Amino acid sequence: MAKLTKRMRVIREKVDATKQYDINEAIALLKELATAKFVESVDVAVNLGIDARKSDQNVRGATVLPHGTGRSVRVAVFTQGANAEAAKAAGAELVGMEDLADQIKKGEMNFDVVIASPDAMRVVGQLGQVLGPRGLMPNPKVGTVTPNVAEAVKNAKAGQVRYRNDKNGIIHTTIGKVDFDADKLKENLEALLVALKKAKPTQAKGVYIKKVSISTTMGAGVAVDQAGLSASVN
């Protein structure tokens, strides 16, 4: 059996794996246990009451968190003409068509989000094998294929998170950094859960949001009692 590190021993002593914590208590616990030498992200796992094997019950989308994620995001946009100028004005680092595709084919991937106008998908379509495995392929369901590329760039820069359930029906994403004020982390979590509720598949039966856990990059998950969240979530 692997020997527990001192950090993991402390976490095991502090975190009761059988308990659902009030959100404020959960955040305080994460902050106390975040001892890494960098500012850890606060991640969330949401167990949904869906059958992930059925395509009509899969949940996918995007939402802008009110306080952002604390990350600086580099955006690449496939578009042309007036849209290209609008994308640059909105803060996109890379804008182009075939020239941008050529850079990507060469392995130049200095960006975190890819956005495309519908007319550019003929170019982006060639890059599926490169962008797809990295989760970067533009998709209208998450607002990254859109005629309004400037707004999409602004959303990405403002702290938009994209979400998609895994094969077990769990959503994994981030809600900020551990040095955020507790209120901001709480409001970001609530905004995400409201977005997930709006995205509930009509075919999903029973309890939809079954479990919510938050953790830091290097820490253990802490289950959150949903009763302590705002009425808009419950």
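From the backbone N, Cα and C atoms, a Cβ is placed for every residue, glycine too.
For Lys105 (N6-succinyllysine), the count of additional Cβ atoms within 10 Å of its Cβ stands at 11 [all protein chains shown]. In the three-state DSSP scheme, Lys105 (N6-succinyllysine) is classed as helix. According to Swiss-Prot, the N6-succinyllysine annotation covers Lys105 (among others), on the basis of experimental evidence.
Here Swiss-Prot flags Lys154 (among others) as N6-succinyllysine. In sequence order, Ala90, Gly91 are the residues near Lys154 (N6-succinyllysine), counting only same-chain partners six or more apart with C-beta under 8 A.
Swiss-Prot lists Lys186 (among others) with the feature N6-succinyllysine. Taking Cβ-Cβ distances under 8 Å and a sequence gap of 6 or more within the same chain, the neighbours of Lys186 (N6-succinyllysine) are Ile23, Asn24, Ile27, Leu229.
Per Swiss-Prot, the feature N6-succinyllysine maps to Lys197 (among others). Lys197 (N6-succinyllysine): 13 other CB atoms within 10 A of its CB, across all protein chains. Lys197 (N6-succinyllysine) carries a helical DSSP state (H, G or I).
Lys154 (N6-succinyllysine) falls within a helix when secondary structure is assigned with DSSP.
Taking the C-alpha positions, the distance from Lys105 (N6-succinyllysine) to Lys197 (N6-succinyllysine) comes to 38 Å.
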